[in-house]
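Visitor: In case it's useful when we look at the structure, here is the feature table from TrEMBL:
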TRANSMEM  20-41  transmembrane segment
TRANSMEM  53-73  transmembrane segment
TRANSMEM  85-109  transmembrane segment
TRANSMEM  121-139  transmembrane segment
TRANSMEM  239-257  transmembrane segment
TRANSMEM  263-282  transmembrane segment
TRANSMEM  303-329  transmembrane segment
TRANSMEM  341-361  transmembrane segment
TRANSMEM  373-392  transmembrane segment
TRANSMEM  398-421  transmembrane segment
Amino acid sequence: MKLVKGFINRIRTSDYTKSLLVLTGGTFIAQLIPIIFYPIIGRLFTPDQIGTAAIFSQIAAILAILVTGGYTYSIFISKSKEEAFNIIVLVLSLSIFVLSVICLTFYFLRDEIHLLLNEPLFVKLFFIPILIALFIVIYQCYNEWCVKNKYFKQLSVNKLVNSSSLSIAETLFGCMNSLVLGNGKIYGELIGRGISAFSCLFSMFVKDRNLYKIVSLSVVKECLTKYIRFPKYVMTGKLINSVSCAIPLFYLGAVFTKEELGFFSMSNTIIAVPISIITIAVSDAYRQRANEDYNNYGSCRHILVKTIVPVSIISLVGFSILFIISPFLFEIILGSQWINAGIYTRYLIPMVAISFVTEVIRPTLIIASKQSYDFIWQLLFLFSMLLLIFISNLYRDIYVFLLFFSGIKSLLFLLQFYWCYRYSVK
């Protein structure tokens, strides 16, 4: 009883613990929603349809990073609420302009891109990744705004809306798969992310309805130069990371089959659930507290260690169990056509178990102004993925590909962990 009372008192007196609980609770529910829909989606779409949708999603992810110039990540460290909102205006203006140029480029080069990606649907649906990218940018801006202003309740609601709108839209379009042009999974993501983006804009202006009054062209221009290190290091690093993540997907789709790409994509999606449930929520709360500690005391190592110990225990236990049951789990949840995805998952578990811990403390490098190290890591990641393609081409075996993919990324995550720990102290 004393332990329970002590825990309750700790929650009442610790802002960090309260933030952690609010975010973890909201994110946990948000991740439960797609889990509920996975058995339906797994039966509505074939592995090759999932593989095709993965290509469109990856293109959108690359664009969402490219068009912002990395300024999204400067919202959190801005000096005031006014400056933060002007950065959002900067990000959205940049995004709309650059995406318009890219849309024209895609239109004139759609046949060439289709041949390069071996994806016929791109000819007619070239505009969809562009719209999805814009919706992702809006969602990310609002997330950063909530963390900056400690709107943890709104942040949790935002994650819930994003998760539920995606799941429901994909399910509805899956039911109409034969009636829509091409692939219902692609349309489902477009509509789902559109609803999420609208919800973000609506929530922002309901809570801070007078924000438009603080928009200043001079402040926007000042932020453009003040945070120039983000395009130089963070954006470039994030873009390299996204391209590096895309290389295996594009390679599998071109050299193997869309079905095998679908297995790989579904495996990554399912295995990302336990990561998202804990690491995203804990990371949001961690970076808020770590940023304060680092600025006030010159060190965030105490909160770093305090955070990674329980996360490491959860990772070891949870992923050991998943390794044993993954093929059976995929068959039960998604249907017999997805059992190969469960087998693929076993190869990926060592990599994911390490990244589960590392992703939580990754913001440490930004807090410590070590963006250059993150950039170096992204270059190593890109080089490693190119090396992976070279090795895989020698064997042309999907399981050799998975083995090297998991092993290489495990080493990279361990290096990242070391850097975060080392630079948690000035």
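Cβ atoms here come from the backbone N, Cα and C positions, even for glycine.
Remember, TrEMBL labels are computer predictions, not curated facts.
The shown structure was predicted, so the numbers you read here are calculated from the model rather than taken from an experiment.
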Visitor: Considering pairs 6 or more residues apart, do the transmembrane segment (53-73) and the transmembrane segment (341-361) have at least three CB pairs under 8 Å?
Guide: no
Visitor: Taking a Cβ cut-off under 8 Å, which residues six or more beyond the ends of the transmembrane segment (121-139) line up next to it in the same chain?
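Guide: Contacts with the transmembrane segment (121-139): 52, 56-57, 59-61, 63-64, 67-68, 72, 91-92, 95-96, 99, 102-103, 106-107, 110-111, 113-114, 158, 162, 181-183, 186-187, 189-190, 193-194, 196-197, 200-201.
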Visitor: Among 239-257, 303-329, 398-421, which stretch has the most Cβ pairs under 8 Å to the transmembrane segment (263-282)?
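Guide: The stretch with the most contacts is 303-329.
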Visitor: Ranking 85-109, 239-257, 303-329 by the number of C-beta pairs under 8 Å to the transmembrane segment (373-392), which range is first?
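Guide: Maximum Cβ contact count belongs to 239-257.
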